[in-house]
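Sequence annotations record features per position, and here TrEMBL assigns transmembrane segment to A:12-30, A:36-57, A:78-95, A:115-131, A:143-165, A:185-205, A:217-242, A:262-292, A:304-324, A:336-356.
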Amino acid sequence: MENARISPFQLFCLVFLFELGTAVIIGLGMEAKQDAWIAILIGLTIGIIVLFIYGGLYQHYPDALLTTYTKQIMGKTIGSLISFLYIIYFIYIGARVLRDIATLLQITWLQRTPILVISMVLVLVTIYTIFHGVEVLARTGEIYLFVYLFSTLVTVVFLLFSDVINLQKLLPVAEDWRLILKTAFPVISTFPFGEMIAFTMFLPYLNNRRKGFRYGLMAMILSGVLISFTIAMDIASLGGTMVGRSPFPLLTTMGKISVNTFIQRLDILACIILVIGGFFKITIFSYAAIIGSADLFKLSHKKLTLPLATITLLLSIIIAENTSEHFKEGLKIVPYYIQLPMQIGIPIILLCVALLRKRLLKKTY
Amino acid sequence: MNKLITYSKKGLIGIWISLLSLTTGCWDYQELNDYGFVMAVGIDKSHKKGEYLYTFQLVNPGVITRNASGSHATPIATYSQTGRTKLEAIRKMSQQVSRRLFFSHLQVFVISEEILREGAALKVFDVTDRDPQGRINFPVLAARNTQAYKIISALTPIDDISANELKNKIETSKDVWGENRVTLIEEVIENVLASGRDIAISGVELTGDSKQIGKAESILQTRAKGQTKLKGIALFNMQNLVQWADDETARGIMFGSNKIRGAALNINCSKNNNHHLTVIVNYSKTKIKAKITKNRPTIDMNIAAEGRIGEAECPIDLENPDVIHELEQRTSTEIKKEVELALAMGKKNQSDVFGFGDAIHQADPKTWTKWKTNWKKYYPKSQVNIHARIFIRTTGLRTNPYMKERD
């Protein structure tokens, strides 16, 4: 663990950018068709409940990383094993996000650039940031929050003035509750909301515990509402079927911006939103993996940055042969077999064992 | 210490310079003068089976930028190429055109009536939909009684680039006359195989001497020869063009599908005379509500419009509110009649042009899941109640017309 401190507002920025990250640009929850926005709000609610599990663990071990207190809770052998699993998990999800971003950049703007080159440039920035530590990352978040908010605001305002939003396309509301709930859990509640598990590696750096957790929660709620709003906006301007067919609906929505045929072609804002959000998501996952292994193997995180980031880079390439495979894994396999146990299963067991331990210890004294 | 700082500064500059190589985007660099800007695409039947003839209208940049009247070159050039898919034709086009085709500035898409009647022509939009540079917010037109390549080969006197002229024409006509629907590619993509709504596309035909089409001489006179003209709206059943709606019926389609942005309606001044009076419609809003009664769709269509008296060629007392009321009533009846004409044509051809299916989907999703697959059977049976109401707010700069007898 680094000797560093971050403020509650910096955590807010990181959580906000992390949650929006890739979720706001892809057609999140489109399995629920025009009701995707409802599914996202339900997913957010489940995500908040899960966040309180992490909050419970944080309350018991306010000065330890996830990889540290697993050992304290489960004993050295099992604890180390779980920590190791989490490190692999963070690397894998980081690689998935990297692939997402690189793929979207490739299919939209850089068609003839090899994906390895795009990913490499993104990873280079990540390495540089992580090398300088969590404080630098947090300060970067503070700056980019405003750039990000500005881009989003401009998009929303211009879209409203472009006369392309047709609320009829959101009807009928809540057509099939079973479909909505199936979309909300596990897919949306694990991506992006359950991914807050990465922040168990950031919480100990907080200089104000209570306020910090509250700010994190607030950022999560705000970002969830914003994602829901964006998807509703996408559907209202493009129609459910088209959003469902697009890997990057926000770009198409922005392509429709045309304020009196004068303000047009603001697609570049989609690029800004994509790259900023993607950068923070990759960096936060990579940082979680790197600081976790530094903690587990008792090494300096600076030494681990380059090798682990390289693993992320290569993993992002070999993870899938094509986009269809990558997206299908992300919807059908990862949420069920990876996200659910890592985000909800293991933390619940950890919390129960920790509570039992506290109680048993009290009785013996 | 000092030495160290200067050394690291040098290093920093070195890093910066090497980073510059990353900012060039060298794989995907694009040069403006390598591109040929495609303004319009036309699709016709090819003599080979299973192939289409694609025609592309390109801007002649030299003529447009030089702004010279003495130039002999035409401002646009059209090229044709056959292909099984559109992309095949686009890429094959490189054998004819020196520049790479660039589609971001595409203004209009014209498809010949012949292949629209056969169906399956609307599948050609996939490449436009899929291409990252492609845009899908421009209109599609149907070439009526003619070939699409002729339509986009026409030279036009007022706008240099005829694709722009065609697009401006339809946008303007939609705003002032209201018989031409602007159907964007995205609407076609969204609705072509959707069960709840059928598409409708405006037609464009040739007027004048069709042999003069595309010749520079055709616009070197005040009465230009070989021009294009918008005409009617094509009704579709799924992806097949079934019938043309003209005049009042076409406007009925526009009123019923809430697309009127402006129109001018002629009505008789009073019951038994043939003098005319024109009401200008400035605003119109159509709401469609559906419900199911006895296993049969019941649709309530409410049209609320607002307008003013634009012209009155008859002796009529426009200072009297009762007269205005009567005029309002007669205009409303006229609107209702037009929508009924359109509806009858739609029902006859099983063309759900007003989107009643979507209305039922929104009102009663459960019934809709049952009906969806054979909606075309239920649609002609639907009971439609049309309510039209127009408010005539003003009479213009004068009250009574000068044709009214004065004391």
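Keep in mind that glycine also has a Cβ here, set from the backbone N, Cα and C atoms.
Keep in mind that what you see is a predicted model, and the values were worked out from it rather than measured.
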Of the stretches A:12-30, A:115-131, A:143-165, which racks up the most C-beta pairs under 8 Å with the transmembrane segment (A:262-292)?
A:12-30
May I ask which of the stretches A:36-57, A:78-95, A:143-165, A:185-205 has the most CB pairs under 8 A with the transmembrane segment (A:217-242)?
A:36-57
Other than its close neighbours in sequence, what residues sit by the transmembrane segment (A:336-356), given a CB gap under 8 Å and a spacing of at least six beyond its ends?
50, 53-54, 56-57, 60-61, 69-70, 73-74, 82, 85-86, 89, 92-93, 186, 190-191, 194-195, 197
Other same-chain positions with a Cβ less than 8 Å from the transmembrane segment (A:185-205) and lying at least 6 residues past its termini are 1-2, 4-6, 11, 14-15, 18-23, 28-29, 31, 39-40, 42-44, 46-48, 50-51, 54, 57-58, 62-67, 86, 90, 93, 134, 212-213, 216, 220, 224, 227, 284-285, 287-288, 291-292, 330-331, 334-336, 339-340, 342-344, 347
Near the transmembrane segment (A:115-131) in space but 6 or more residues beyond its ends, with Cβ under 8 Å, are 98-99, 101-103, 105-106, 137, 140, 275, 278-279, 282-283, 286-287, 290, 301-302, 305-306, 309-310, 312-313, 316-317
